[in-house]
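Now, the feature entries from TrEMBL:
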type: DOMAIN; residues: 82-162; note: domain 'Cadherin'
type: DOMAIN; residues: 163-271; note: domain 'Cadherin'
type: DOMAIN; residues: 272-385; note: domain 'Cadherin'
type: DOMAIN; residues: 386-490; note: domain 'Cadherin'
type: DOMAIN; residues: 490-608; note: domain 'Cadherin'
type: SIGNAL; residues: 1-33; note: signal peptide
type: TRANSMEM; residues: 611-636; note: transmembrane segment
Amino acid sequence: MRWCGSGSLGRAGTLLALLLPLWELGCWGLISASGGQNQAQHTTVGPWEMLRRHKRSWVWNQFFVLEEYTGEEPLYVGKLHSDMDKGDGKVKYVLSGEGSTSIFTIDENTGDIHATKRLDREEQAYYTLQAQAVDRITNIPVEPRSEFLVKVQDINDNEPKFMDGHYMAGVPEMSALGTMVVQVAATDADDPTYGNSARVVYSIISGQPYFSVEPKTGIIRTALPNMDREVKDQYVLVIQAKDMVGQMGGLSGTTSVTITLTDVNDNPPHFSRKNYQYTVLESLPVASVVARVKAVDADIGPNAEMEYRIMEDGPGLFNITTDEDTQEGVIILQKPLDFETKNSFNVRIEATNRNIDSAFVHLGSFSDTTSVKVTVEDVNESPVFSTQLSRMVVSEDARVGTSIGRVSAHDPDSSNSAIRYSIDRNTDLERFFIVDALSGVISTAKPLDREVNSVHNLTILAMESQDPTKIGKGFVAITVLDINDNAPVFAIEYETLLCENAAPGQVIQTISAVDKDEPPSGHRFYFALPASVASNTNFTLRDNKDNTASIVTKHGGFRRQEQMLYRLPVLIVDSGSPALSSTNTLSVNVCDCDSDGVAQSCGAMPYTLPAGLSTGALVAILGCIITLLVMVLLIVSMRRKKKEPLILEDARDVRENIVRYDDEGGGEEDTEAFDMVALRNLNVIRDPKVRRDVTPDTHTFFPYPMSSSSQPVYKTLPDNVVFREFIWDRLKDADVEPSAPPYDSLQTYAFEGSGSVAESLSSLESLSTDSEQNYDYLSTWGPRFKKLADLYGNNDGKSNGNSVLS
């Protein structure tokens, strides 16, 4: 099979004419791997045979097609032809591979190849296709499949592009001419191996005359020397990249470059004013801010950081520091001001750049100075003590009223007001001391005890007599001197154990002493036995001369059966003046010890039971005692559970006998929860009594019976009448009982549920209840009972039959 491409044949027409005698052998190209059946035989040939070119079935090369073809007809790519094709239409050409159906088509009869779509080399530079000639009827290949390439030929259809987009760069101000700033780069998608389509050159469109760009490298450099950031700190450049080496017709792309001039320390600081004036009060506290000054610097950042110093300020009253946030000089007071001593100060201040660039030292001094005048205003000051802290001493045996020392304060103002003194009682809560208000003399007000408090720290207040709001404070430390007023005692509570088998002369205890006093030369204690026990036959005491003493046995063979505890008095004397002593008692317990002298048991010997009483007998006796105790407890418990009558037989008021129980009653048929008989046994004769809190003019509001013969018998009445009569009886008692509440007190009665045997106790239901009680007497009780008389009395001379209580 042969190929013939339209583009290739046009350029090589001359060559084809020269090779025309070989055309019948096949087009010029490469030998395919499938031409084995037509290869020359390896036989001996003559010179002419050696010059002849053997026929090959497949001869291939590359096809070329231009990208971005815009014609209306399909673009002719080339032609395929097989030697097996005799022109009789029996051979069919088949195309496969990349784009064989979507982009490239082949005429199955002629083998012409066309491109049906516009191609873009930047998307795909070449296509690999396979061609084959097959029998049209049987589809059997008449020649093996072979592969060829279709290359897309580049045209200049892509402009250069800056892939990094907008550029940001910086260069120090005052830089030299030609200082590199930044490098830009543009890329062209066209084929760099074919023509000048991808050869880019750079130029600057906007940004001159400050900057320039190198055409081939894209490096941007400064075009002017000593550009000043303080004049202009930012420039925007437009850079163009053009292909075709910048020739006419080339495509171009642009980008912007923002160049910022970075700061250098090329400007010295300077104060906006050469003189400043400030006024402060003389009461301004130390470490307060007096004033703020600022030196201006056209630079920024670290190049504008300042250092301030005071060049001269007289007595050194002021200091200056730098506020790191504002770069101001902060003048701070170091000593108290006194208007009466000096009322104005002149301070000279220098400001210097903290970070000086040696490259710009030739421009001049990077510092400036200014003068600050501080005027002090007078204020009414608080009194001032001549000594802020006074130290005094007093003996702890000083009598009340003893003078300890004197404090002194004065008014620092020109008025020199008189001073009055007092003690801040928060520092002397127990009022041990007093101070004379006029003289400032401090005296004792109570007896002192060094052992309780050895140092008293007082705050003395001094106030002006003309302006009591002005108060000064002074401090006094009073040390209480020790005297020998405490006797020595045992250092601890000793527990001395004495073995029964102790030997004579054995040390059984070493004792020491303590004393609350603190003599300057230290303690020295002396130990001895009092004269009353010095001649005892059991123990002796040996003073060790080192503030300790040893207790020594005089004999051995101590027995607990004879005496289990010995009390030995010890006399301790201190070395004070006068010397004090105390007698302390040492308890010595006799113990049973093992062979190593370790106590096993101390105190009383265990009691030995008589031989005739066995263990069983002891158990029996103990059991009887326990049984008796249990019986006693049961009897007591049963007595406590025994019910008491709800209403006693005596004449006590029912209000004093309230019985609380949590049982829920069973209604009127329940006779077990409450015994009605208890209410029927209240036939007690009550004599009328005269109340002590009622005027004796009216003896009573109700005609009480004088004998018990007219009093009803409760147990003969129905249950509902029992309650009514009982309550009525209580009402009469309340009227005549001298110890009862006043006559106008409210007597409250409760009624629980309807259907009760006692019925209702409320008078609200009396209107609907028939009763034989006559309430006409209510009209004689006075105006307070008028309403009840109208409700229950006999209207129009006719009784309505309603009772007051039911």
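Cβ coordinates are placed from backbone N, Cα and C, and glycine is handled just like the others.
The DSSP breakdown of the domain 'Cadherin' (386-490), given as helix, strand and coil counts, is 3 helix, 48 strand, 54 coil. For the domain 'Cadherin' (163-271), DSSP puts the residue distribution at 3 helix, 46 strand, 60 coil. Across the domain 'Cadherin' (272-385), DSSP assigns 10 helix, 56 strand, 48 coil.
Across the domain 'Cadherin' (82-162), DSSP helix (H, G, I), strand (E, B) and coil residues number 0 helix, 34 strand, 47 coil.
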